[in-house]
Amino acid sequence: MRRCGSPPCCGRISTKMCCATQSTPSRGGSGAMAAVEPVVAASGGSNLKSRVVVALFLGVVAIADIWIGGPAFTLMIAAGVGLVLWEWGAMHGTPLGWRVAGLVALAGASVLAHLRQPLPALILLLSAILILLALSILMRTGGKRWISTGLAYAGLPAVALIWLRQQPDGFALVMWTMGLVWATDILAYFAGRAIGGPKIWPAVSPNKTWAGLAGGMTGAALFSMLFAHYAGWPQALPLMALLGAGLAVVAQAGDFFESWLKRRAGVKDSGKLLPGHGGIMDRVDGLVPVACAVALWVSLQQPAEYVMAMTERLA
């Protein structure tokens, strides 16, 4: 079996893997981030066909861009989160100038992350968020205040995904992250349709059931174990199943958060960019928190791995 290296939750992060490609993230257009959440809900024949065609096209573009890595991946991510921020501003009635200021901050953070400077990228994001928030408070304009939250919503997963792709096993890590979201989305849909039962939060998302959540967690756990097995990751499979199930809950939380935002704004979709899908936010609502959670998990393993490596050298 071909081994792709091990994810940072166990084993040495610095170990170079056979299937890791030269990485420095990017994102060309809305393709990658828009493709991270496959659409399985049908709403009529022709509409379903357009949804499937768009989802397949974006999925192929996304996977190819992730594999290529480097500037292509960074451009893809930057373009995707830029569209997310633009949709966010449109939902909350944020003036054009404020949205442009947010886009400039996003671009700067993406460039720093691409240059392998994730901490300065996060500092830039935090500074821009605080400045925009302070200005909106001083100007007594609540609508503008939301752009600072939107900047965090779009900027944090951008830095996270770019940084993850730069790891020695970056391709596998990003594919695992996105695959977990896909598996959760698909299995939650079919389990919810087949089993039904009590709703989780009908006031915000009337179609989501506890059975669907359980199905999504099961699907993510199975995907995580299979991916780890075929990628050659040395972690115990029960650990990978636990991680998958936990991240499925995180993905569903992201879905609920975006649904709440849309209900608050009184809109059905975040945008109309993707035929049959709505906007970019509608496709990446689960990926946003999952990408941040995976990046945090990976970063927490690095100090321990560094100490272990130094101990082995001194022994």
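We count from 1, first residue shown onward.
Cβ atoms here come from the backbone N, Cα and C positions, even for glycine.
Copied over from TrEMBL:
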TRANSMEM  53-86  transmembrane segment
TRANSMEM  121-139  transmembrane segment
TRANSMEM  146-164  transmembrane segment
TRANSMEM  170-190  transmembrane segment
TRANSMEM  210-230  transmembrane segment
TRANSMEM  236-254  transmembrane segment
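Taking pairs at least six residues apart, the transmembrane segment (53-86) and the transmembrane segment (236-254) share fewer than three Cβ pairs below 8 Å and do not count as touching. Sequence-distant neighbours of the transmembrane segment (146-164) (same chain, 6+ residues past either end, Cβ-Cβ under 8 Å): 25-26, 73-74, 77-78, 80-82, 84-85, 88-89, 92, 94, 98-99, 101-102, 105-106, 109-110, 113-114, 118, 121-122, 125, 128-130, 132-133, 136, 170, 173-174, 177, 284, 287-289, 291-292, 294-296, 298.
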